[in-house]
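Look at Swiss-Prot and you will find 16-261 tagged as domain 'ABC transporter', backed by sequence analysis. As annotated by Swiss-Prot, ATP binding site applies to Gly62, Pro63, Ser64, Gly65, Ala66, Gly67, Lys68, Ser69, with the evidence given as sequence analysis. Here Swiss-Prot flags 311-521 as domain 'ABC transmembrane type-2'. Per Swiss-Prot, transmembrane segment is recorded for 335-355, 365-385, 412-432, 441-461, 470-490, 499-519, 560-580, and the stated evidence type is sequence analysis.
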Amino acid sequence: MEIPPSPPPETAAYTLTTSSISYTIPKTSLSLLRFPATEPPSFILRNITLTAHPTEILAVVGPSGAGKSTLLDILASKTSPTSGSILLNSIPINPSSYRKISSYVPQHDSFFPLLTVSETFSFAACLLLPNPSIVSETVTSLLSELNLTHLSHTRLAQGLSGGERRRVSIGLSLLHDPCFLLLDEPTSGLDSKSAFDVIHILKSIAVSRQRTVILSIHQPSFKILSIIDRLLLLSKGTVVYHGRLDSLEGFLLFKGFTVPPQLNSLEYAMEILQELRESDGNTDATALPSIENRKQREKQSIVRYRKSRITEISLLARRFWKIIYRTRQLLLTNALEALVVGLVLGTIYINIGIGKAGIEKRFGMFAFTLTFLLSSTTETLPIFINERPILLRETSSGIYRLSSHILANTLVFLPYLFVISIIYSVSVYFLIGLCPTWQAFGYFVLVIWIILLMANSFVLFLSSLAPNYITGTSLVTILLAAFFLFSGYFISKESLPKYWLFMYFFSMYKYALDALLINEYSCLASKCLVWLEEAQTKICMVTGGDVLKKKGLHEKQRWFNVYVLLGFFVLYRVLCFLALLRRVSGSKR
C-alpha cells in the first residue's frame, strides 16, 4: 500500500516501525567465475525491530561498526534491506512516496561556499516549494527557527562555526516540511555546546512541527541524553536495547548488571555491550536475503520532480552565474592569461612570413596554442570535484534532475569561454600575420572556442570519475600528453604501429590541429610559399595547397574537423552525465 504523498503538515503524524530488518553483503569471492559462494552472507544488520513516534527523538547509539549508518540509509530509503519491512502507521511504505515526506541529513556538510545562508535556502526552496510566492516567507521563518537570522547574509565560506553549518544542513532538509527527519551523526566534529544546541533545535522542531526525528550518535553526553526520548542501542548489527533512557537502568538490573555510581546507564551499557549481546538469546537471526523484496522496492523508487526541466535549468544557471561572478579573481586571471599568452606568442612569431621557415613556425605555433588551451582548463578541476558532493546530495534527494545540472553548466560556460576565445584570438592572430580575411579570423575564433568547450567537457568528465584532486590532475596530465603524442605532430600516422593507430583517431589534438592548418593554408592554397631561383627564373616549389596535401588534408575537410570537435564536446558531457548518474544511483540504492 502507498502512503499519502502530500499529507497536511498540521495533521500528518506517522509512527515508523521496522519489523525484523536485516541487511547482508553476499560473499563475492567466486562470483566472477559464476560459481555459487560457499560461505553464508555477511550480516551488517540482524533482525532490527524499532518504533519511532512523532514529537520524539530516537537516537541510534553504538560503537563504530555497529551498523548505525547502514540502518539510517535503510530508514531513509537510500538502501533496500535484504529482509524485513518498514511500516508507517502499520502500512508498508512505498519508497517513492516515503521520500516525499522524509528528509536525510548526511554526516558531512556540503555547500557552495560563495553563496550566503539565505541564498542557499532560497535556491532549494524555489525548487521544492509548490508556490514561489511563499519562498521568502518560508526562508525567513526557517532562519528564525534555526537561530540563523543574524547570519542570513553571511557567505558559507566565512564566519560560520561547525554547529552553524550543521544547522544550515538541517534547514535545507526542512524546506519541504518532512514528517521524518533522519540525521547521520549530526554532532560529529562539534564541541559539546554546539552539539547540544543542534540536538536542542532538533527537539524543538520535533515538538513544534509534530515530526519524528531519528539520528545516529556515537556516544552522547549526559546533557544531550536529557533531550533524547528513546534509544536504540546497537552492537555488531543487533539490537541490545530499545526504549527510554530512564528504563535502561532497570533493563541492566534485569540482565544482572548494576550501574556504577560514577557512570550513567548508557555509558555503562556501552562498556558491557559484549556481555549484553551474549545474554540476549534473541539476537541470533537466520534471515536470508530477499531478492524479490529488494527488486520490488527498487521498482517503486521512481523520483518525481517538483519543477519542470526549464525551471530547473533556469535556477541552476542563475546559481552558476552568481558563483562565477563572485570568483572575479578567477575570471580576471583567465582573461589576463589568455591576453598575456596571446601577446607573448604574437610578439615571438610576429610577422611570421609565408616561406619555408614560416611553414614550420606556423605548425609549432598552432601546436603550442592547442597545448595552452587544453591545459589551461585544468584549473577548473578542483572546483568541479569540490562541487560534486553537493550535486550528488541535491540530485539524489530529488531536488532537480541531473541532466538539468549538465545543461545549465553548459549554457553558462558557452558565453564565458566564448569571451576567453575572442581575447586570445584578437591578441595573437593579427600580430602573427595569419590569413588576413575576416572569414578566416571568424573560423579561427570558432575553432578556439570549440577547443575550450571540448577541454572543459573533458575536465568535467574526469572530475566525475576521479576520487580526488590529485588523481584527477594525474588523469588529465597523462591523457592530454597521450593525445598530443598521437596528434601527428611528433610522429605521422603512417609511421605509427598499427596497434596504436586507434589513438591517432581518438586524439583531440589531431582534429583541432587539422582545423587550424586547413583554415590557414586554404587561404594560401594558390599562393606560392617557396620559390626556386635558377638562371633568372623562379619556379614555385610549394603552395599552400601543397602543404595541406603533404599533411593529408584538403580544404573540404574544414567543417568535418569542426563537427568532430563538437562531437568530442558532446561525448564528454554525455560520459560525465553517465558517470554522475552511476554515482547518484549508488547513493539511492
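Placement of Cβ uses the backbone N, Cα and C atoms for every residue, glycine included.
Using a Cβ-Cβ cut-off under 8 Å and counting only residues 6 or more beyond its ends in the same chain, the transmembrane segment (365-385) has close neighbours at 330, 334, 337-338, 341, 345, 349, 352, 424, 428, 432, 448, 451-452, 455-456, 458-460, 462-464, 466, 468-469, 472-473, 476-477, 480, 483-484, 487, 489, 508-509, 512-513, 516-517, 520. Neighbour counts were taken at the CB atom with a 10 A radius for the binding-site residues Ser64, Ser69; the maximum falls on Ser69.
In this structure, the binding-site residues Pro63, Gly67 were compared by how many other Cβ atoms lie within 10 Å of their Cβ, and the smallest count belongs to Pro63.
Long-range Cβ proximity for Gly65 (ATP binding site), meaning a same-chain Cβ under 8 A and a gap of 6 or more residues, is found for Lys236. Apart from Gly62, Pro63, Ser64, Gly65, Ala66, Gly67, Lys68, Ser69, the residues listed for ATP, the same chain places the Cβ atoms of Ser216, Leu234 within 8 Å of the centroid of those Cβ atoms.
Cβ neighbour count for Gly62 (ATP binding site): 25 (other Cβ atoms within 10 Å of its Cβ, all protein chains included). DSSP assigns Ala66 (ATP binding site) to coil, not to a helix or a strand. Cβ neighbour count for Lys68 (ATP binding site): 24 (other Cβ atoms within 10 Å of its Cβ, all protein chains included).
Model confidence over the domain 'ABC transporter' (16-261) stands at 86, taken as the mean pLDDT rounded to a whole number.
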